[in-house]
């Protein structure tokens, strides 16, 4: 129940971030819908494809599609109010990536992959929706340029495997890891911490 | 036989649309071939990947690859004549999306997916080749911006499931749905009907 | 052993080419890592997805991920020295595409695909990592525009199936085909041979 609520809030936040980007690009309504859609389910879709978990999850469970559809309709109707929701949106989004990271890790464990691959799957689940959104909108993906985003997923995911080495309940490790992803992202945004960019002039 | 003829005409039309876009981007011959290829088979490939229907269909049936190859050779040789074919091309393309929509829906039914997912698969089959073409050519996909294209697929696909509620033969429902996709697209282009774009200045 | 050494050198060369492109785009460290990663494993991943060989190969064998990771760390630390390595890099890269082409063909044969599809898989394995790299960096893929690259893979791959028609050992055919890919690419670069671009003004 708690799990599902957060999952839906995460989906809503991801979909709304897609709506906002798509509108800035002056897309039509179908474009806005698709961008919202791929932002919300793109990461999970790529994860499912890579491990061969098909039909991919949103094709088997209508919750995602209906949540996204309703979100887009509301997003279009109340576009002016969205800016007042910016802080809540950011919070949902951050909770969303924490949860999506652990969802991806669980799928990796079910497929009997090594911890490093599980962390990779968690990071892909949480962050590649945004990558596909940016590619479709003809931008270099924002997470490659300036945001601590995937890094929080990687560190949080690694912490999960660290915690499971200790004699604590798995569900604690689970919640702790999600919390670490969320806290890292909040701190990074609050203190404007960025990964260094390694610029280099064209060699020749 | 009829079915196969239309399928091939659709493939030809999609491949030619890829040739035209690739040439405008000054790609070399290999680039033109690949763009023609992904335009014609990209939608079906994504559909097959999402439902786990692998190896994807064009790997198991040489008809597609050889049709596309011959089309590209002709397209390059007779590039100047292509503009006189514009109307026929548009017609093939439109027939193609009607048929591809129903092909996608059938694959979804075979995979026992819900009607909404079948419609989504139909729309993906008909329209994502063009999306991948535009991404490879570094453009925001045209169907997100100005054309009634996917919308026709969605409405036509929905009509299929509506018709099957009535006591008519399935093949009638099938042909009717294809006709609806085609007519909607023709009307939209004739009367220049577009989905509204929802522009919005950057929020902050 | 020999095979594995070449495979790793190829992976290193592909990863370094990703590092160089990503740095020119001023990406942050995570972005550089991801671009290096997709350049090195993107082609094999697409191939595995198309034939349904999941989980894809780099998820089941840590060699690739660790090789790429170490390569990126070295690449970032010794970025200034990279330009003196340009020739060696080009050589690794060229050996890499030769080998990757045959790896893809072998996978196609295992999946019982026709020779043409095997050649397509070989070409995808060798060249689509670079395509995905360029898309993520918001460029029209370089192999569509000016380099003899995929063409060398196609001709080399075709030669393999030609050689197997003769009464020679399969391993000879294998090595000969790889050599042909490599030699074609070296000649193309040395003599600046390019496929013609077929430019065409917008039709209307």
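Cβ from N, Cα, C; glycine included.
Because the structure is a prediction, the values reported are computed rather than measured.
Features as listed in TrEMBL:
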- C:5-78: domain 'Glycine transporter' (DOMAIN)
- C:6-23: transmembrane segment (TRANSMEM)
- C:30-50: transmembrane segment (TRANSMEM)
- C:62-79: transmembrane segment (TRANSMEM)
- C:88-105: transmembrane segment (TRANSMEM)
- C:91-164: domain 'Glycine transporter' (DOMAIN)
- C:111-136: transmembrane segment (TRANSMEM)
- C:148-166: transmembrane segment (TRANSMEM)
- C:172-193: transmembrane segment (TRANSMEM)
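Most Cβ pairs within less than 8 Å of the transmembrane segment (C:30-50), among stretches C:62-79, C:111-136, C:148-166, belong to C:111-136. Here the transmembrane segment (C:88-105) has long-range neighbours at 3, 6-7, 9-14, 16-17, 43-44, 47, 82, 118-119, 121-127, 149, 152-153, 156-157, 160, 174, 177-179, 181-182, 185-186, 189, meaning same-chain residues at least 6 beyond its ends whose C-beta is under 8 angstroms from one of its own. Pairs of Cβ atoms less than 8 Å apart link the transmembrane segment (C:111-136) most often to C:6-23, out of C:6-23, C:62-79, C:172-193. Under DSSP, the residues of the domain 'Glycine transporter' (C:5-78) split into helix, strand and coil as follows: 63 helix, 1 strand, 10 coil. For the domain 'Glycine transporter' (C:91-164), residue counts in helix, strand and coil come to 59 helix, 0 strand, 15 coil, using DSSP. Across the domain 'Glycine transporter' (C:91-164), the prediction's mean pLDDT works out to 87.
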